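Student: Please find one structure pasted underneath; my questions will follow.
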Amino acid sequence: MRFLNIFLFFAAIIAFATASQVFEEDEIDMEPRITCDLIGNERLCVLHCLAKGFRGGWCDGRKVCNCRR
């Protein structure tokens, strides 16, 4: 009985670990597009890009923030 419990414990850990790896590969990073719509327009876009490590950014005609490299 003890061997069965240990076996099931390790089988559950392995199943969980492999399921997590597959999920991370299929995950899409969706970010809301609110930096160009709120008060300050391009200021929030520039701050957003600076926080991500870029040199700045601007809002295009579709109100989408574009970061400079």
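Sequential numbering from 1, following the chain as shown.
Yeah, the Cβs are placed from backbone N, Cα and C, and that goes for glycine too.
Under the heading disulfide bond, Swiss-Prot lists C36-C59, C45-C65, C49-C67. Positions annotated as signal peptide by Swiss-Prot: 1-19.
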Student: Taking the Cβ of each of the disulfide-bonded residues and counting other Cβ atoms inside 10 Å, which one has the highest number: C36, C45, C59, C65?
Tutor: C45
Student: Fewest other CB within 10 angstroms, which one of the disulfide-bonded residues C49, C67?
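Tutor: Each of the disulfide-bonded residues C49, C67 was scored by Cβ atoms within 10 Å; lowest is C67.
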Student: Any idea what the Cα distance is from C59 (disulfide bond) over to C45 (disulfide bond), rounded to a whole Å?
Tutor: 7
Student: How big is the Cα-to-Cα gap, in Å, between C49 (disulfide bond) and C65 (disulfide bond)?
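Tutor: One finds 8 Å between the Cα atoms of these residues.
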Student: Where does C45 (disulfide bond) sit by DSSP, helix, strand or coil?
Tutor: helix
Student: List which of the disulfide-bonded residues C45, C65, C67 have their Cα within 10 Å of the Cα of C36 (disulfide bond), in sequence order.
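Tutor: Taking C45, C65, C67 one by one, the ones whose Cα falls within 10 Å of C36 (disulfide bond) are C45, C65.
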